[in-house]
Ligand SMILES: Nc1ncnc2c1ncn2[C@@H]1O[C@H](COP(=O)(O)OP(=O)(O)O)[C@@H](O)[C@H]1O
Ligand SMILES: [Mg+2]
């Protein structure tokens, strides 16, 4: 079984941000495979999705038929690939893995579909990046388990119908919004994965640590969990870096202080912000009194591509309530000032935005 994973262009640009980057690094894939929960009941968190998926799978088992097609959406590192594997395992079915960017021609898809065996699970990662003609072929395959293969060109072209075995398609996408409606509608079940709570990441870490034989105290786990950006992939990665640090420092059991010191060494701060995130906030606060300032100006100040700042640093900063987008540019929130340990400038009457209430006798 070969797993072809493709990163987003944006994620690839973020190469220097390896620690908190949500895309898996090349050396990481074998490690990830080892840490992937194999059964639905070992999958931590996402209780709504887990419950719904369990119904879909049980019903398919009781009917003795392939489960409905499943669409998994959500940011990188939250468990889409893991869930796809679990679905196949729970169905006791074989799993075929491919990805949108690998399917450039309808013929590529036809070749995959026609070689499926009955009841097999087909996982298409990054399904939003499939080519248009392939997508159209997929509609029919999903609905009627049939495709039309076009042979020849121009006036002499004929289409040969091809019956397919019944299969379950599992699609994964980081951008459900980019999927065309007709494709989205053909999935019987759509699961949206949410970021994990610190408690859930704590459980992920506890599980990984016992598999990797790393000894960590409960507050050590809590420290790593709180710096993991709500993402299990990052939790597992930080755990391994903390393990390295502890090994070199001759520490047998990682407690909160050790975890904190280790992560500080890697410049991952208490909220999980890394150097770029902090550089953005710092530029915003110290150079522009908190903004508003345009994205491209910010990018120049931190020496990064606009695209990187927008797609890599900004979403997390916005989600954490540290940065806000306004029509006039980006602004730092009070929480940002506080996190940097800086004092927000007092609003003056010449500033726009919330000014002190005016008194009549002023
Ligand atoms: N719910 C979970 N419980 C335990 N580990 C998880 C969970 N979700 C993700 N992981 C771990 O995080 C890593 C990345 O998960 P993956 O399924 O590859 O994410 P995605 O495909 O959404 O980018 C894997 O190593 C997996 O072990
Ligand atoms: Mg994946």
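Glycine residues also receive a Cβ, built from the backbone N, Cα and C atoms like all the rest.
TrEMBL annotates 35, 36, 77, 80, 81, 82, 143, 144, 145, 186, 196 as ATP-binding residues; of 233, 237, 240, 241, the candidate listed for that same site is 233. When the neighbouring Cβ atoms lying within 10 Å are counted for each of the binding-site residues (145, 196), the highest count belongs to 196. Confidence across the domain 'AAA+ ATPase' (66-199), taken as the mean pLDDT and rounded to a whole number, stands at 92. Only 81 of the binding-site residues listed as 35, 77, 81, 143, 196 bring a Cβ under 6 Å of any atom of ligand 2; the order follows the sequence. Of all the binding-site residues listed here (77, 325), it is 325 whose C-beta has the fewest other C-beta atoms within 10 angstroms. For the pair formed by residue 330 (DNA binding site) and residue 145 (ATP binding site), distance between Cα atoms is given as 49 Å, rounded to the nearest Å.
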